[in-house]
Amino acid sequence: MENVLIIRYGEIMLKGDNKSFFEAKLTKHIRGAVKDLGDVKVYKMHSRVYIDVEDFNADEIIERVKKVFGVVCISPAVRFPVDFDVIKETALNQIKEEMAQRGVKTFKVESKRVDKKFPLKSPEMSREIGGYILENTEGLEVDVHNPEVRVYVEVRECSFVFTKKVYGFGGLPLGTNGKALLLLSGGIDSPVAGWLVAKRGVEIHGMHFHSYPFTSERAKEKVVDLAKILTTYCGRIKLYSVNLLAIQKEINEKCPEEEMTILSRRFMMKIAERVANKIGCDALVTGESIGQVASQTVKGLHVTNAAVELPVFRPLIAMDKVDIMDLARKIDTYETSILPFEDCCTVFLPKRPVTQPRLEKILRSEALLDVEGLIESAIGDMEVERISLDDE
């Protein structure tokens, strides 16, 4: 008998002639997630990925693999040659383990006969295995509707028996849908937005705007910490840090106070687009949500969009704040995001920011500034950092 992990994927199965491309990407990313653990054998067979875990910590591997986009669920299983007596005994042993560990009193057997040469059909297998379990245990009942534990039996080229399914995040393998630049602040929203877009197979890099020395070094470090958390899902990330202070001072000196936020936002988008084009990104990603703050009204978003030509992905656009917070907790960015450090949006914050900006009026104000010079200067002083999970 061998201990293996069965890794299943979902949407990849619908990719038709491109399926093998997506499968290869997924297998590559799974290998990458466990490569530092040693010579872990990862391989694809019959529209699944398998990992041999006989000599490894299966729980640690599961924790890593479930964060790989494209993985729907993982089952730690026992694999052995097809022998129905061994199948029954293995199923019984796994049920006894569940009874000892969790005190379960109800169960169900779910069988799947993939190898049609096997003489018993799936329902017959389930009945015989269930009967064998009942004969050899006490205080256990069958519950086909809501069992405390399910015993899964599969007969393929060999037999698999397991009781657990650990769910991943699904989605598509990273790098199968282009590349995007995430405007990464230190808040709750933007890391979640980046994670959601990455889940659809988009490679993510980050751009952070700060107003140092009006904002602190620790505020910048917080963003690096968020980027490191994202690397557990997204792999290595390039983080571009841009000081917006000179631009904010110019806006504060020459433009109406209430337009500070929307004008600053347009500069951020212009700078992000300029860098995105240079590094081969096909889109920008932001954590904006309709009505959440003054610059995120529909008119505000229209004025912001008008600053760039690249598509802007806003995966949080219709989400409530509480739902965004729940997802941030799920992906482990929440506790870092709520650390009380200032960001560039708090510098020169207007008392009454415009909530219904008109594009033509904003363009007139923008014409008072040396837009091109300010952008070039900001990009010229930009810092680039390569972030990976291994960074200390």
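Glycine is treated like the rest: Cβ placed from N, Cα and C.
Residues LEU183, LEU184, HIS208, PHE209, ARG265, GLN296 are given by Swiss-Prot as ATP binders; from GLY171, GLY175, GLY287, that same site also lists GLY287. Assigned with DSSP, the residues of the domain 'THUMP' (59-166) fall into helix, strand and coil as follows: 40 helix, 32 strand, 36 coil. Counting every protein chain shown, the Cβ of GLN296 (ATP binding site) has 22 other Cβ atoms within 10 Å. Ranked by Cβ neighbours within 10 A across all protein chains shown, the binding-site residues HIS208, ARG265 are led by HIS208. Taking the Cβ of GLY287 (ATP binding site) as reference, residues of its chain lying under 8 Å away and at least six apart in sequence are, in sequence order, LEU183, SER185, GLY187, ILE188, ASP189, SER190, PRO191, VAL192, ALA193, GLY194, ARG314, LEU316. Other Cβ atoms within 10 Å of the Cβ of LEU183 (ATP binding site) number 22 in total over all chains. Largest Cα to Cα distance within the recorded ATP binders LEU183, LEU184, HIS208, PHE209, ARG265, GLY287, GLN296: about 19 Å as a whole number. DSSP assigns HIS208 (ATP binding site) to a strand.
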